[in-house]
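Each remark here refers to the structure printed beneath this line.
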Amino acid sequence: MGEDGNTSTFNTSYTNFFLMGFPGLREWRPLLVLPLTFLYVTVISANVLVIHTVVAQRSLHQPMYVLIALLLAVNLCTATAVMPTMLEGFVLYFTLLLDYNLLLAMALDRYVAICHPLRYTELMTSHLLGVLAILALTRSLGVAVPLVVLMSQARFCRTMVIPHFTCEYIALLSIACGDLTFNSRLGLAMRLITVTFDLALLGASYTRIIYAAFRISSGGARAKALHTCGSHLLVILTIYLSGLSTSIVFRVAKTVSQDVQNLLSAIYLLLPGALNPVIYGVRTREIRQHEIMGSTAGPLLANCCFLNS
């Protein structure tokens, strides 16, 4: 009887799951609602504000600002991917990969603007932006689809409870049955290849950009170029360092509690969406001025606040 029960359990594959969120903080769940809701509303509001500013101001319809708006739109999708289904896993990884690809496109934009300023309008055309967008979508699909398809074919017979707040790839691996060596290795290989390739391109691009910026004779132009690159580098460090710390903890630090792992995942998924509009909205002078001018304070406040910018 016991053997039949085990066989039946092993042959069962759950299709509905319960997300536990933070298992060690069950009694604190009512208190977590307020800060998490505030964070979500802040992410949505800040990103929408910057996107609206870029769309509404014709002077911002330039490649750099369009790419910033696209990056923030992707942040919105990542923060809103909360449906506990396989679709969420696809949207989650697809939007995270789009983040990486848009950062590459922004590095290309800054490379052309600083290293080849006289040919910027000739090279960075709307046609090129369209090509870059298609490449970003294709590359993101090429990585996200195989992972989700493989995971959708796995059997989940251990439990229907996921000790996480999203259907992350690694969280699903932990409750799947059978030999999942290939799935685990494929996920690790794709992550390593993607991150290594992207960081190599970003490192080479920004090394060349910073070198060219220091060769600019005009002090004002040099400072502006370095300031713009500083914003991009800050966003890159935020995204890649948070992702790297999450991967290391999941795969290496087995003694770390599930709540700490989930907290790192939350930081990885939500921190870029919270910081990116602040970084670009505050540090990018053109966007910052239009945001202030569009507020109820009007142009007078903008002139007072940014007279010396």
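Keep in mind that glycine also has a Cβ here, set from the backbone N, Cα and C atoms.
Annotation source TrEMBL lists transmembrane segment at 31-52 (among others). Residues of the same chain lying 6 or more positions beyond the ends of the transmembrane segment (31-52) and with a Cβ under 8 Å from any Cβ of it are 21-22, 25, 68-69, 72-73, 75-76, 79-80, 270, 273-274, 276-278, 280-281, 287, 291.
Among the features that TrEMBL reports, domain 'G-protein coupled receptors family 1 profile' is placed at 46-280.
According to TrEMBL, the feature transmembrane segment maps to 64-83 (among others). Beyond its flanks by at least six residues, the transmembrane segment (64-83) meets 40, 43-44, 47-48, 50-51, 54-55, 91-92, 95-96, 98-99, 102-103, 105-106, 109-110, 113, 129, 133, 166, 228, 235, 269-270, 272-273, 276-277, 280, 284, 286-287 of its own chain at Cβ-Cβ distances under 8 Å.
Sequence annotations record features per position, and here TrEMBL assigns transmembrane segment to 90-108 (among others).
What TrEMBL records for 128-149 (among others) is transmembrane segment. Within its own chain, the transmembrane segment (128-149) has Cβ neighbours under 8 Å at 63, 66-67, 70, 86, 89-90, 93-94, 97-98, 101-102, 104-105, 108, 169, 186-187, 190, 194, counting only residues six or more beyond its boundaries.
Feature annotation from TrEMBL assigns transmembrane segment to 188-211 (among others).
According to TrEMBL, the feature transmembrane segment maps to 232-253 (among others).
Per TrEMBL, the feature transmembrane segment maps to 265-282 (among others).
Sequence-remote contacts of a segment are chain residues at least 6 beyond its ends whose Cβ falls under 8 Å from one of its Cβ atoms, and for the transmembrane segment (188-211) they are 97, 100, 103-104, 107-108, 110-111, 114-115, 143, 146-147, 225-226, 229, 232-233, 236, 240, 243-244, 247, 251. Non-local neighbours of the transmembrane segment (90-108) in the same chain are 64, 67-68, 70-71, 74-75, 77-78, 81, 129, 132, 135-137, 139-141, 143-145, 147-148, 166-169, 194-195, 198, 201-202, 205-206, 209, 232, 235-236, 239, 243, 269, 272; each lies 6+ residues outside the stretch with a CB under 8 Å from one of its CB atoms. Counting same-chain residues at least six beyond the ends of the transmembrane segment (232-253), those with a Cβ under 8 angstroms from any Cβ of the stretch are 71, 96, 99-100, 103, 106-107, 110, 170, 188, 191, 195, 199, 202, 206, 260-261, 264-265, 267-268, 271-272, 275-276, 279-280, 283.
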